[in-house]
Every structure is written in structure tokens, then in C-alpha cells.
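Features as listed in TrEMBL:
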ACT_SITE  Glu262  active site
BINDING   Cys104, His261, His265, His271, Met279  Zn(2+) 2 binding site
BINDING   Asp203, Asp235  Ca(2+) 2 binding site
BINDING   His213, His229, His237  Zn(2+) 1 binding site
BINDING   Asp221, Gly222, Asp239, Glu242  Ca(2+) 3 binding site
BINDING   Asp240, Glu242  Ca(2+) 1 binding site
BINDING   Asp373, Asp485  Ca(2+) 4 binding site
BINDING   Ala432  Ca(2+) 5 binding site
DOMAIN    145-306  domain 'Peptidase metallopeptidase'
MOD_RES   Tyr414  phosphotyrosine
REGION    45-68  region 'Disordered'
REPEAT    369-425  repeat 'Hemopexin'
REPEAT    426-474  repeat 'Hemopexin'
Amino acid sequence: MHVLLQQFLSRYGFIKPVNWEEIQFDETSFSGDFLDEFQATIQEGTSASHSRDTPPAGDPDGHESQTESQAFISALKEFQRVSGLLVTGVFDEATKEAMNKPRCGVPDMEVDLNTPAAPESSSDSETSPLLTDLVSKRRRKRESGFMAFSKEVLRWRLIGEGYSSQLTVEEQRYIFRLAFRMWSEVSPLEFVEDTRSPLEDVDIKLGFGTGRHLGCNQRFDGTGQEFAHAWFLGDIHFDDDEHFTGPNAGSGISLLKVAVHEIGHVLGLPHIYRPGSIMQPSYLPHEAAFEMDWMDRKEIQHLYGGCRGRFNTVFDWIRRERTSYGEVVLRFNTYFVRDGWYWLYENRNNRTRYGDPVALQAGWQGVPGDGVDAHVHVWSRRRDAVYFFKGTQFWRYDTENDRVFRQDPDGHIYPRLISEGFPGVPGPIDTAFYDRRDSHIYFFKGNQVYAFDVEANSLARGSPKNIRNVFPPVVSRDHPDGNVDAAYFSYTHNAIFLLKGTRFWQVAGSRDRRRRPFLPRNGLLPHREVDQHWFDICNVHPTTLRLTR
């Protein structure tokens with residue numbers, strides 16, 4: 001067995017799991033197609049390639065060599081398995097190609113982080129003793145067996161002595177802001193660039209270097225093999241011998257993609273052997289346009305939980321579009337709004353659009369910049385009008401010109417008072433929605449519901465009513481009892497939902513009542529958690545809200 005092949009399998013934990021936080025610098029450097037040099041010396045064999053009667057020199061009984069051979073073949077098979085190759089235990093051309101792929105320097109197989117830490121090595125190392133101390137204070141064990149930060153707002157810094165020689169400092173910082181934001185978009189974590197605090201107060205430190213670098217106990221190998229490495233809940237180092245480029249360069253190695261991968265390690269994720277995962281050991285391909293797939297999202301949320309929070313309003317935006325055949329069709333998209341920002345929810349994919357949230361005014365020109373209380377689309381055979389409500393006022397939206405009306409076709413000037421446009425409804429309101437079943441707008445205010453008859457332009461008889469009378473609970477104590485955040489009719493689910501805090505209640509529809517005749521009209525089914533029904537509606541830190549890819 002050639003020493004370089006054994007060193008490769010050992011370095012990445014296939015022969016024996018590696019404690020990446022304790023591993024010391026190995027003088028052997030893997031560079032370029034390092035396995036080419038001994039390809040001719042490797043021949044197909046069995047697990048017992050030497051005779052039992054002729055043990056190798058230095059091993060009179062043969063036991064150590066047999067054990068070592070078995071360990072090597074098992075390690076090679078494991079590498080082939082996780083790489084999606086035919087598992088043969090033979091170093092063939094496909095295995096050589098897989099080993100030569102550019103990759104992350106973090107071992108593929110690591111020790112269980114729930115086991116006691118190994119005693120500190122007495123060997124000299126240039127790694128700062130401060131790192132071990134800082135990491136131990138900031139990490140915690142999760143049920144998954146991996147480590148995770150014990151807080152949700154994390155500070156990071158590109159350290160001054162670790163700038164890249166290939167990109168400007170501003171380009172580097174911008175790319176790292178994007179990389180951190182991508183993780184923030186799918187988890188409850190928020191990331192803040194901190195350039196002023198003492199270095200020991202910064203959670204994640206990033207830097208570039210070559211060879212022996214930044215006081216690290218690992219060495220970069222030059223161009224072509226290891227691009228970067230990271231420590232769980234610690235630092236990220238990038239090999240400045242590599243040709244890193246920005247997101248739109250069209251060539252070179254995407255620093256954004258490598259950074260997203262390494263940040264995943266810092267946050268507690270191991271390598272994931274699944275096509276499409278950002279956490280694959282190999283960075284190939286180097287495309288800048290990539291997305292966090294469903295399982296990557298679920299892995300990080302397994303460590304840190306889902307994204308929770310209340311919303312100002314939720315609505316389906318209906319519009320007319322003309323197909324390539326000239327036909328007019330109706331389409332809709334779902335939007336969640338919070339504090340002046342919105343997420344487009346892709347119901348078919350059961351997730352938010354990549355790159356959200358976006359400023360509300362970027363999607364709807366002229367609406368209040370700090371958010372809205374309600375969106376109402378009055379849609380019937382006689383009327384088609386869209387309204388936004390905020391405080392005591394409301395605006396009508398011009399869908400043809402994609403902006404609020406200054407003056408609508410009826411001559412009304414906007415904004416208008418709610419009490420003026422909808423007599424009997426006092427502003428401000430909590431939320432509202434239009435019910436096509438009876439052509440009424442239902443306005444929610446405290447524990448009262450105002451049913452407004454659009455055709456009669458007046459309150460319906462008997463309004464307002466207590467919310468429990470209009471939307472009675474199916475389970476007596478399971479009810480929002482007023483101050484609802486959002487009332488939403490979903491065209492995807494053909495159902496009405498009331499949202500309050502992190503919970504929602506679905507209104508029993510006609511189909512539910514046919515299956516269960518005992519359900520009351522508009523009865524509220526038992527509550528569920530919003531983040532268990534609509535996924536990945538995550539805040540990002542205000543400093544990264546306006547970043548674009």
C-alpha cells in the first residue's frame with residue numbers, strides 16, 4: 001500500500017475518525033494530481049494479498065500487516081461508497097479521479113463530538129491557545145450529536161492579517177456577507193460583521209493564507225487540492241494560492257460557494273454525501289449560481305430549530321397574465337409580510353423564494369415602507385380592487401401600472417381614512433380578508449369582527465360580533481381570542497387561516513364539514529405552529545437586508 005494513498009485516507013478520517021480540532025500539522029502535502037505518480041504500482045488484489053506463510057519483513061507473525069491491509073481496504077471501500085462509486089476496494093481510475101477533485105480540508109469522518117475531548121497535546125503548535133478557550137465557551141451539544149452555537153446572533157470578521165491577494169477587501173467582505181446571509185435565510189441565525197470589538201469577542205474569524213498560515217496547525221497544499229478548511233464553531237481559512245473569484249466572474253473558483261460550505265462546518269454541519277448538497281466534500285462544480293437545497297435547510301434547522309415569528313399580514317396576490325398563445329390566465333403568488341419586508345412563498349416547493357426577504361416597496365410601489373396591517377383583494381364579477389391598510393388609512397393599488405393610485409377611476413384620492421371608505425369600520429384594524437363566499441370583507445379589531453358588505457357598502461346586519469361568535473372554536477380553549485395578526489384565504493389550500501404569534505388556526509371549510517358534520521360553520525380547527533406548515537420564512541440581520549446576488 002503506497003504511503004500517499006494511506007495518508008489521504010487517514011487525513012480525511014476514513015482509516016480512523018479524525019478529531020479535527022485536535023489534529024496536528026502533517027508535513028505531507030497533497031498537491032495537484034498527487035495520485036498519478038503511483039497509479040502504475042497499484043494492482044488489483046484480495047484482502048490477503050500476501051501468503052500466510054511468508055509474512056513481510058519486520059512482521060514475523062504477519063498479524064499487523066493483515067490488520068493494516070483490512071483497515072486500508074475497508075477505508076477505500078468507505079471512500080468509494082460515500083463518493084457514489086462502485087464499491088470494489090480497488091484503487092481504480094474512478095477512485096483516483098474522485099480523490100483528485102478539489103475539496104474541503106475538513107475530514108469526512110470525524111470523532112463523535114459528544115465524546116470527552118482528548119488530552120491536550122504536548123507537541124508544539126502555532127494554533128492560538130485562545131481558540132480552544134473561546135470555542136469551549138460558545139458551543140453546546142445538540143441532540144444530533146454535533147456542536148452548535150448557543151446564541152442566534154453571531155459576529156464575524158475578516159481579519160486584517162488574512163486578506164486575499166486576489167480580490168479587493170471590499171469584494172471579500174461583500175462575498176462573505178452574502179455567504180452568511182444564505183445561511184440566515186434558512187435558519188433562525190443572524191450574522192453581523194463586527195470590525196471593532198476585541199478579536200476574542202468575535203464568534204467567527206475568516207482569513208486567507210498560504211502554506212503555514214495564520215497560526216494554524218494545518219498547512220495548505222498550494223493550487224488544486226484543498227481550497228479551505230474550518231473548525232466547528234471557530235475559524236475559516238482559505239488557501240490564497242487558489243484562484244478565487246466573485247459571484248459573477250464566470251470563471252475561477254467561486255469564493256461564495258466555498259465560503260457557504262465552510263460556514264456550514266463552523267455552524268456544526270459535517271460533510272453530507274448527497275448530490276446537490278452544499279456540504280459535499282468536493283466543491284465541484286464551481287458555479288456561482290447555486291442554492292441551498294431542502295435537506296441542507298433541514299440539517300441546519302435540526303441544529304438550530306425553525307424560523308419563528310409573527311407576521312403583519314399574509315395574502316395571495318392574484319394577477320392576469322397572457323400566455324404565449326395569447327390566452328389570458330389568472331395566476332397567484334403567496335406573500336408573507338413582516339415589518340416592511342416580504343417573502344414570496346413557493347407553494348409548489350414548500351419554501352420561500354431564494355434571496356428573500358425583499359423590501360415591501362420594491363414589490364408594491366407606494367405602500368407604506370414600514371409595513372402594512374392588511375391586504376384585501378375584492379374580487380367578484382362586478383368588482384376587482386386591491387387595497388392595502390395601515391393604521392387608520394388605506395390605499396387602493398393600481399395593478400395595471402404596478403403602483404398605488406393617487407386617484408382611482410372613481411375619483412377617490414389616496415390614502416383615505418378607513419372609516420371613510422368603509423363606513424362603520426373604525427381604524428386602525430388588526431387585519432382583514434375578503435370572503436368570496438358572501439362578498440364580505442371581514443375586519444378584525446381586538447376581539448371584534450366587522451363584516452362589511454361590499455355590494456351594499458355598509459356593515460352587515462349584526463356587526464360587529466365577538467370573534468368567537470363568527471369563528472367558534474372546535475376545541476373550547478383553543479382559540480386566538482382576538483388581536484389576530486393575519487387573516488388569510490389560501491388558494492393553494494382553498495382554506496382560510498387566522499395567524500397569531502407563532503400559531504395558526506385553519507377555518508373548517510365545506511369539505512371538512514361534509515366529512516365531520518358536527519363541526520360548526522367557520523369553526524377554528526386546533527392550532528398548529530406556523531413554521532411547521534410554511535417553511536423557512538426567516539429573518540436576516542438588518543445589515544444584510546439589501547444585499548443582492
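Glycine residues also receive a Cβ, built from the backbone N, Cα and C atoms like all the rest.
All annotation found in TrEMBL is predicted automatically rather than curated by experts.
Computed from a predicted structure; not experimentally measured.
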Per-residue pLDDT averaged over the repeat 'Hemopexin' (426-474), given as an integer: 97
Local Cβ density at Gly222 (Ca(2+) 3 binding site) - other Cβ atoms counted within 10 Å: 16
Densest Cβ neighbourhood among His213, His229, His237, His261 (binding-site residues), 10 Å radius: His261
Listed binding-site residues Gly222, His271, Ala432, filtered to Cα within 10 Å of Asp373 (Ca(2+) 4 binding site): Ala432
DSSP three-state assignment (helix, strand or coil) for His265 (Zn(2+) 2 binding site): helix
C-beta crowding around Ala432 (Ca(2+) 5 binding site), within 10 angstroms: 28
Within 10 angstroms of His229 (Zn(2+) 1 binding site), Cα basis - recorded positions out of Asp239, His265, His271, Tyr414: Asp239, His265
Inter-residue Cα distance where the pair is Asp485 (Ca(2+) 4 binding site) and Ala432 (Ca(2+) 5 binding site), in Å: 9
Proximal residue to His261 (Zn(2+) 2 binding site) among binding-site residues His213, Asp239, Asp240 (C-alpha distance): Asp239
Alpha-carbon distance [Asp485 (Ca(2+) 4 binding site); Tyr414 (phosphotyrosine)] in Å: 24
Within 10 angstroms of Asp235 (Ca(2+) 2 binding site), Cα basis - recorded positions out of His213, Glu262, His271: Glu262
All-chain count of other Cβ atoms within 10 Å of Asp239 (Ca(2+) 3 binding site): 27
